[in-house]
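Participant: Here Swiss-Prot flags 264, 267, 299, 306 as [4Fe-4S] cluster binding site.
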């Protein structure tokens, strides 16, 4: 059951609203050296094209921090500076970026946090309190270990620090590398604060592993109404982080956009290379943002029944196939004409739906 979203305080990262009634945003992180502006800009461009709303960049040294001024000028996405250990890099970064992420486990003393807060106040930019189970402050780690309780106590302590400094433009993340600790931590903290949540499973692994962990943890939280922005962390291509994140948003009921793909798992009746064809169809129609149910079936035997609830379906037969629109066969074509005709029909249907929504 899809629950209503928890209403949180709204903050802004550049022009992107986080929390309140704002759509749930997606983000990723570049892996280039931030001071290499050309490479970093290219990666940000890729993320923009993939549909990302925000981007985070590592600030590992003073050179990275100083490069942010020029990077900000060319970035098509709001920039978040990721700071570990060296609070002075945050002071430099705050002059140029749209938000600062700090790890309370390694940023340092209250005085250092105050300096970061003062810099963010001056530029009117928000902070993310980025709690990680693997790098909790010593006192919380010794008392609780890398547990949900330890993460929550760290978040509450640091939220209170910022509040005492009269600073409330912040969001919170509670990241662990497994599903259960991630879910439990966010559930535990949600009723205790009004601030927006950044969701994520940290160090989640490769595309396969991360997709499963993230779908279970983030998808479950999203269905409970928890979460305002998110990152799917993948050891792999940048674009996959956004692709998987947006799929999780769609299938958790939080994003009404794009195609819901339906395809049979294959059996002895298939009369085409369905694996290749399904991949080809999905890639060719990936640009469509209109909500549609599209079915790709490996034989005509089951297609008429199984695809009847799809907006559009393609069924491959022996050197021929069917195109089915809203349960009715509209084309029976030779194999050579089937694919391109199907693409045209789906694109036309998307245009029809968009027009009807505007009218």
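From the backbone N, Cα and C atoms, a Cβ is placed for every residue, glycine too.
Help me picture these features in the structure, burial and contacts included.
Facilitator: Residue 267 ([4Fe-4S] cluster binding site) carries neither a helix nor a strand DSSP state and counts as coil.
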Participant: List nothing but the one residue from 264, 267, 299 whose Cβ has the fewest other Cβ atoms within 10 Å; the candidates are the binding-site residues.
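Facilitator: Each of the binding-site residues 264, 267, 299 was scored by Cβ atoms within 10 Å; lowest is 267.
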Participant: Using DSSP, would you call residue 306 ([4Fe-4S] cluster binding site) helix, strand or coil?
Facilitator: helix
Participant: Taking DSSP three-state, what's residue 299 ([4Fe-4S] cluster binding site) in: helix, strand or coil?
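Facilitator: Looking at the DSSP assignment, residue 299 ([4Fe-4S] cluster binding site) belongs to neither helix nor strand, so coil.
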